[in-house]
Ligand SMILES: CC(C)(COP(=O)(O)OP(=O)(O)OC[C@H]1O[C@@H](n2cnc3c(N)ncnc32)[C@H](O)[C@@H]1OP(=O)(O)O)[C@@H](O)C(=O)NCCC(=O)NCCS
């Protein structure tokens, strides 16, 4: 009997309209365009403005576009998994709000918290729901409104992040395409270097915690950078080795868009040239769980059925990992 795999049958992204440029950041913190571009590769990022606009807005818009382009009835969706670290609220899950917003009345839905690796975790899990044969249409959405947890007085962190996300539709196939392999890792001892100090059950919000600016993402950038470079490159090289893939077999590397220097190091380690690396960090910055589906959406017109694609990410937790997939269709839908 042939193995049932999960294949991506459509991808769609969404970013808010407001563009926060490096020039505007220069008016907010002591920084400059040249420093930001040289150290990170980022020129601008999108910000979701307005009252009551949470991460669900990003997810709903991405999924509405996905349903339209794949001609899918929302009532046929079995499951929606949302990867995010900026949920609309601690509970209910943002995925529930998204499912309601897109009319996915027959689906169940839940969130995954794995920071910048969230989309990899969610894609792995979504694929397994398909592989069991129990579900036919699963949507995996990675979305973050990072501006809601960024301290725009912290110049080392605020320059990196932006808002946005994207979604993919997974369906079963017996062809030799789809999600082929996945390697996921986590190490909780990395928490001190990238976390939010207050607002959880350990230290609920108080006037003091708000005044001390503890409800923002805290990052020890240079430590995170070192771990990210090593682990993202290692896991990408390992998944290639495990699947007998040489660099010339790889059509695309889809790296988490955190820092252009981390992306370059991963591509070098894999022996993959810059023409095969998906890159949109200069326009969107780091959208956390949103970066990988946003890349797939941007590059969809160039993808071909059977392309070998390696997705790789590193983020808070620490979490990191890699997915090997074979693309399922030619060009944009
Ligand atoms: C945040 C990051 C861009 C900072 O770059 P860096 O080269 O490590 O810079 P450092 O933090 O060592 O700081 C170097 C200097 O630049 C300064 N600096 C920091 N931010 C600055 C800014 N926005 N503008 C100008 N100078 C800045 C620092 O104060 C420091 O000055 P000093 O040498 O006088 O003390 C980089 O560490 C990084 O990308 N880290 C990983 C981010 C990441 O991948 N996060 C994962 C989340 S998924």
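A Cβ is built for glycine as well, from the same backbone N, Cα and C atoms used for every other residue.
Here TrEMBL flags 116 (among others) as active site. Other Cβ atoms within 10 Å of the Cβ of residue 116 (active site), summed over all protein chains shown, number 32.
When secondary structure is read from DSSP and collapsed to three states, residue 256 (active site) falls in the coil class. TrEMBL lists 256 (among others) with the feature active site.
The Cβ neighbour count for residue 286 (active site), using a 10 Å radius and every protein chain shown, is 23. Among the features that TrEMBL reports, active site is placed at 286 (among others).
Annotation source TrEMBL lists domain 'Beta-ketoacyl-[acyl-carrier-protein] synthase III N-terminal' at 110-188. Across the range of the domain 'Beta-ketoacyl-[acyl-carrier-protein] synthase III N-terminal' (110-188), the DSSP-based residue counts are 26 helix, 32 strand, 21 coil.
Annotation comment: TrEMBL describes 240-327 as domain 'Beta-ketoacyl-[acyl-carrier-protein] synthase III C-terminal'.
According to TrEMBL, the feature region 'ACP-binding' maps to 257-261.
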Around the Cβ of residue 256 (active site), how many other Cβ atoms lie within 10 Å? Please give the count over every shown protein chain.
-> 30
Look up residue 286 (active site) in the DSSP assignment and report helix, strand or coil.
-> strand
Round to the nearest Å and give the CA-to-CA distance linking residue 286 (active site) with residue 116 (active site).
-> 9
How many whole Å apart are the CA atoms of residue 256 (active site) and residue 116 (active site)?
-> 7
Model confidence over the domain 'Beta-ketoacyl-[acyl-carrier-protein] synthase III C-terminal' (240-327) (mean pLDDT, whole number) = 97
